[in-house]
Amino acid sequence: MGHAEWIGRTNTAVARSAVGKWFRLEGSGHPRERKGAYFFTELRAGLATFFAMAYIISVNANITSDTGATCVCPAEDLETHCNNNTEYLLCKQEVNRDIVTATAAIASVASFFLGLLANLPVALAPGMGLNAYFAYTVVGHHGSGLIPYSLAVTAVFVEGWIFLGLTMLGIRQWLARAIPASIKLATGAGIGLYLTLIGLSYSAGLGLVQGAQDSPIQLAGCASDEFDSDGLCPSYAKMRNPTMWIGIFCGGFFTVFLMMYRVKGAVIAGILLVSIISWPRTTPVTYFPHTTEGDSMFDFFKKVVTFHPIQHTLVAQDWNISSNGGQFGLALITFLYVDILDATGTLYSMAKFAGAMDERTQDFEGSAMAYTVDAICISIGSLFGSPPVTAFVESGAGISEGGKTGLTSCMTGICFFIAVFFAPIFASIPPWATGSTLVIVGSMMMHATLEINWRYMGDAIPAFLTISVMPFTYSIADGLIAGIISYILINGGVWVIAKCTGGRIVPPNRDDEHEAWTWKIPGGFFPPWLVRAVHGKKDFWRADDEASQLDLGVMPPNGSMSSGSPEQVAEKAVGKY
């Protein structure tokens, strides 16, 4: 038996098993089996998704540990004192290792169960943008932000359960649709610029820019031990930091070239290249200097494969919010709103990419279960000490490899589970290795600006304010507030003037170029499962049969792949693989 024949027979055998029927693989005999869904193709797609998003393990750990989490640093002169406090820095290292384990663990659980229960080829992990807002606005560098870390993870925990309630009642879909399209598109672009600024800064990036005295920001690029008494980079040392240049060329341009040639795992390849260059202790770019902190990091790195239990960030919630109620509420609302936009937008786009979208209702197969898993995993992740979990657009890498079912996500989840035991490697990835990654991710998120309606000022100005205010205030919440309020004031004012003048005074291009907006949702306000339950359908969690008549990428009951001899089915399976 040749290799191709063995693959075909295995695809056929798995398709006809209970696993194949559960995931609706082609050839399973399921009345709604998915075209082109084969066992080995799904596994390969899951690997592609993992390598496309594995960078989140180290990036999320670097960003989140910048808060100090539960490590205590004296309040006086936070920046100077904390950066030179050996005990505090050693504690931060432990937090970084905790978050590495937490990120891999929650990504494993969330991705596996979303694939198993929702049967979608979409992976979940702590979200980029949300983790930056969590770390640098809500908690702050060294805990200098709005609320302590313990309250921040409490807000994330509560947000997850609120998200679950909104999902079950259908309000989640209404909120996502009620926000004007220009604001939703601008939110993604604004977060992209926000991530870019983080990637260029010192805390979790290349160290190319920093704050200044005479201007909001200035060029930097010098080693941290060359800062002057004001903590600024002197002119004679600018752009002389070798770690910055390694990050730019090996982590930036090298990664871009790989991406241009569609090399799988390009992002993680760039990160690993910079990391490998930075690991030897005898070079000027080493991540393990001969100091107390460097020795501690190197000792952990040498373990290579080990399980690091979560210690500092496990169940760190503090339920006494009396002294920070206002800021706690603001953080909670922002987490909830951004998560609704992020998860909804990503899941919708990935479902459409996979061919599982109902254009009439703007819903997709398994949507209720997908959002339920996402919401529950947000709360579980907060117990590990992680920022909110969300769907990753990198799931498109797996879908482009042929992933069509939840088996793809299950494979990605298994890969993240294996990564839990490689914490020493992921915890030893320096920030300059991931800085260019943040810039690249930010540039990809700017693609959303192409769809913004720039022709009408009532749409363009709120969108522009949303995009620009986010990075300049270092806050996603402030950008959203600026965009929404300006949209209400501008378009509300136009509406009032039109009403008062009987429609005689309106902008000349309003009717032709203003984007359509309505709070009404095609297909009804309530989620399909609730409608089915009210109508007395016993298995209300199952989609109606007429969905199979839509072009959703599923086979009709008499699909050609569910008939024929095993040899014919195997031959077709090999061809698709």
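Keep in mind that glycine also has a Cβ here, set from the backbone N, Cα and C atoms.
Annotated by Swiss-Prot as transmembrane segment, the relevant range among 56-76, 350-370, 434-454 is 434-454. Outside the transmembrane segment (265-285) by six or more residues, the chain places 48, 51-52, 54-55, 58, 242-243, 246-247, 250-252, 254-255, 258-259, 294, 298, 301, 428-430, 432-434, 436-437, 440 with a CB less than 8 A from a CB of the stretch. Between the transmembrane segment (104-124) and the transmembrane segment (241-261), fewer than three CB pairs separated by 6 or more residues in sequence fall under 8 Å, so the two stretches do not touch. Spatially close to Asn62 (N-linked glycosylation site) yet at least six residues away along the chain are Asn96, Ala204, Ile429, Pro431, Thr434, judged by Cβ distances under 8 angstroms. The distance from the Cα of Asn84 (N-linked glycosylation site) to the Cα of Asn320 (N-linked glycosylation site) comes to 31 Å. Cβ-based neighbour count (10 Å, all protein chains) for Asn320 (N-linked glycosylation site) stands at 9.
Among the listed stretches 151-171, 189-209, 241-261, 328-348, 476-496, the one sharing the most Cβ pairs under 8 Å with the transmembrane segment (373-393) is 151-171. The stretches the transmembrane segment (151-171) and the transmembrane segment (328-348) are in mutual contact, each linked to the other by at least three Cβ pairs under 8 Å (pairs 6 or more apart in sequence). Proximity of distant same-chain residues to the transmembrane segment (434-454), defined by a Cβ-Cβ separation under 8 Å and at least 6 residues beyond the stretch ends, is recorded for 55, 58-59, 62, 128, 181-182, 185-186, 188-189, 191-196, 198-200, 204-208, 247-248, 251-252, 255-256, 259, 267, 270-271, 460, 463, 467, 513-515.
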